[in-house]
Amino acid sequence: MQAPPPEHCPGVESEQAGRVSACAGCPNQSICSDPTKKLEDPGKALVAAAMKDVKHKLLILSGKGGVGKSTVTTLLTRYLARSCPDNNFGVLDIDICGPSQPRLLGALGENVHQSGSGWSPVGIDDNVCLMSIGFLLSSVDDAIIWRGPKKNGMIRQFLSEVDWGNLDLLLLDTPPGTSDEHLSVCTYLRDDSAPKDSLSAIIVTTPQEVALLDVRKEINFCRKQRIPILGVIENMSSFRCGHCGNSSDIFPAKTGGAAAMCAEMEVPLLGSLPLDPRVTRACDAGEDITAMKSETTDALAAICSKIMSSF
């Protein structure tokens, strides 16, 4: 029987497993440091079986919080579902401590039902479904105060016990940074024997350097985890005044913005989305604005075209 991991365990999938100072004194150190002795997490097989009919999984990541990653996830989902009506899309909200997709997709107050084949995700549109821990809380104001192992268990349940059915694309809305949730989902979904495009990532940022600093870390995280990066989306790139029509940079790109960073890190820039108050109001109300003609939807069209062409 394996002992519980130490507090600062790097994780069995890490290249540093069994080799860092936190591993000293752990009864499992010899197992973790020897690749021939590592035990496969039984959850991986359960996840693989449950996700066999999900063609593509797309992680929506951000280095910094507050850059609009969840909003971008919602906009991408809405636009893809509208422009590809014959395809099926799912959204998995794995921001365990801050689930926002139920509100953004207009599903607050919905309930998750259990069936013989597992949890049934909540239907948003004819070709969109959603699963979030927000559906399992008694109140939207409930705080989730969990350590890593419990988050890991919840993510494994979402991946292995939800009846996703046949999906062309599952978008996973993640928390900011590179934390337990990211390590868990990469461990369960990464399959080096699967087609390269079965799991990939998009990183969301804003133009200012304080956000780009953490995007560089996120890019390196993906590379270490062997997750292909489809590209970067620069959110809130500019603001056009509704009265005078002039455009302003709310977050000045002093170091060249996402374009310069993408060139430096050798990743594609998928496009830029403006700061649009109508998007904010629609997301708060859980409404779909992707049918409306605007700078935002024009930019979304170009971004979504690049996403779909990569699969």
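Glycine too: its Cβ is placed from the backbone N, Cα and C atoms.
Binding of [4Fe-4S] cluster 1 is annotated in Swiss-Prot for C23, C26, C32; the matching candidate from C9, C84 at the same site is C9. Looking only at Cα atoms, K64 (ATP binding site) sits nearest to C9 among the binding-site residues C9, C241, C244.
Just so you know, of the binding-site residues C23, C32, the Cβ with the fewest other Cβ atoms around it within 10 Å is the one at C23. Note: the Cα of C244 ([4Fe-4S] cluster 2 binding site) and the Cα of V67 (ATP binding site) are spaced 26 Å from each other. Of the recorded residues, V67 (ATP binding site) and C9 ([4Fe-4S] cluster 1 binding site) place their C-alpha atoms 29 Å from one another.
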